[in-house]
Amino acid sequence: MKQKTIGKAVEIVGIGLHKGVPVHLVLEPLPENSGLVFFRRDLGVSIPLEPKNVIDTTMATVIGKEGAKISTIEHLLSAIYAYGIDNLKISLDNEEAPIMDGSSIGFCMLLDEAGIVSQNAPKRAIKIKSPIEVKDGEKFVRVEPSEVSLFDFSIEFDHPAIREQSYRFTFSTKAYKEEIARARTFGFVHEVQYLRSKGLALGGSLANAIVLDETGILNKEGLRYKEEFVRHKILDAIGDMALLGIPLIGTYVSYAGSHKLNHLLTKELLKEEESYEIVSLEDEAEAIEIEKVYATGE
């Protein structure tokens, strides 16, 4: 199986969730072995997508370099990962990626418009050999050995619209688009005033998030999936796993996970070199199976 990029440049204009300012996003092809590279057009600064460039995970995943930063990148990265894209220039003219509708389906549609093309260099993956876990009290995230990419997530909120939710998802591009991509970010009315006092959630609305009061959901259209809340947690984690730079072969288990825990797991995994191996997907039989995973179903 070969590395992939997009067939042509595509662009979209939106607003950032936390800063609420307009942003112009452009996606452009890059040569093989380039990786995923963010570029702040307004500042002229490139920020390669690497764990060392993560500077904050409080409310979103934020990367930065040379005084430039780009935040709320997880939904965009989730779609890029799901489409198996290895090399891409991600150019923005502001400090936050567009929130779209709070999910990643808009980015999937943008990638469909661009088209996905194979390159000459072989694709690589990080295959888990032994479990790695990161905990924060009762909360934890863990990766385990597996022959497929599988996400087994659970959350628990003391709210009548959420309570306990679990979802088990075997990764493929087609399944991602059907089961995960439309799951929206969510927040609570009682948190909004505090967040806005901190300069956050300024672009949030019922058009780009599930909003909950004390008793239920304020969005008139309701939920897109029965377990939309936990499915969005999977969407976020897939985006955070894109920081590895190559796809993960293993099972990702999470209870009450967060951007912070996802990032700590990535750092811990890369530190424990005996817990994984980098595999080339050149083996014909294995490549055929991986190609099936990244088939879009279009």
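The backbone N, Cα and C atoms fix where each Cβ goes, glycine too.
Now, the feature entries from Swiss-Prot:
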BINDING   HIS75, HIS232, ASP236  Zn(2+) binding site
ACT_SITE  HIS259  active site, proton donor
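Most buried of the recorded positions HIS75, HIS232, HIS259, judged by other Cβ atoms within 10 Å, is HIS75. The residues near the Zn(2+) site, meaning same-chain residues not in HIS75, HIS232, ASP236 whose C-beta sits within 8 angstroms of the mean position of the site's C-beta atoms, are GLU74, SER78, SER103, SER104, ALA183, ARG184, THR185, LYS233, ILE234, LEU235, GLY239, in sequence order.
Between the alpha carbons (Cα) of HIS259 (active site, proton donor) and HIS232 (Zn(2+) binding site) lies a span of roughly 12 Å. Classification of HIS75 (Zn(2+) binding site) by DSSP places it within a helix.
Cβ contacts within 10 Å of ASP236 (Zn(2+) binding site), excluding its own Cβ and spanning all protein chains shown: 25. The residue listed as 'active site, proton donor' carries a helical DSSP state (H, G or I).
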